[in-house]
Amino acid sequence: MYRYKITIEYLGTDLAGWQRQAGVMSVQQILEEAIYKFSGEQVILFGSGRTDAGVHAIGQVAHFDLSKYLEPHKIITAINYFARPYAVGVWNCELAPNNFHARFSATSRYYIYRIINRPYPSVIDLNRAWWISAPLDVPAMQQAAVYLLGKHDFTSFRASSCQSKSPIKTLTELNIIKEDEEIKLYLSAPSFLHHMVRNIVGSLVLVGKNIWQAEQIKDVLEAKDRKAAGPTAPASGLYFVKTAY
């Protein structure tokens, strides 16, 4: 068997997320069907992360096995051809060792969350960023973010449906940068809880609106209660950027 590692980008707006589900179209299903069309083999695609409906990806990584060797550049061309008309594409493919696993071999995952912060919405960024018309206090958000860095119990920021065995995670990066009318939040960790990034963003926005003081983020974290945190930020602003191995 030959194991292939692919890097994928997609717009999640019209998709049901990464994972295959009955009755709806997912990224996993689109790619598995595309691979079958050119290889004749039913494969199971393993992704490095399971993005929700509406979440985008710039560098999602996945792997699959084929019984015969195909040149990686031909695999890229074939997948992109058969994945049409969906906004899903592969931009890298390479052979990987048989012990490589897109999910379990990962050492870190990187996300970006985009906020358009101006009085009027952006047509160009429709469904690709969270539009917030009220001015946000970015320095206050940056101050609050410091409390979340490091190893913590992130129960307050996990979805009620989260299936992770432990709420303990290590947030290695949480940078907030404002560029003109756009605010970007950069987050990285070895792994994340379900909705963890979006719940963190939703809480930091309350700080940015001066509804919360920066120090309240520490109280939310220590509460270990989802009800203590802010709302879940929209999926449209979230991008799965890359996975490190």
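The backbone N, Cα and C atoms fix where each Cβ goes, and this holds for glycine too.
What you are looking at is a predicted structure, and each value in this text was computed from that prediction instead of being measured.
DSSP classifies D52 (active site, nucleophile) as coil under the three-state reduction. Over all protein chains present, the Cβ of D52 (active site, nucleophile) has 18 other Cβ atoms lying within 10 Å. According to Swiss-Prot, the feature active site, nucleophile maps to D52.
According to Swiss-Prot, the feature substrate binding site maps to Y111, an assignment based on sequence analysis. Under DSSP, Y111 (substrate binding site) is assigned to a strand (E or B) in the three-state scheme. For Y111 (substrate binding site), the Cβ neighbour count at a 10 Å cut-off comes to 26, with all displayed protein chains included.
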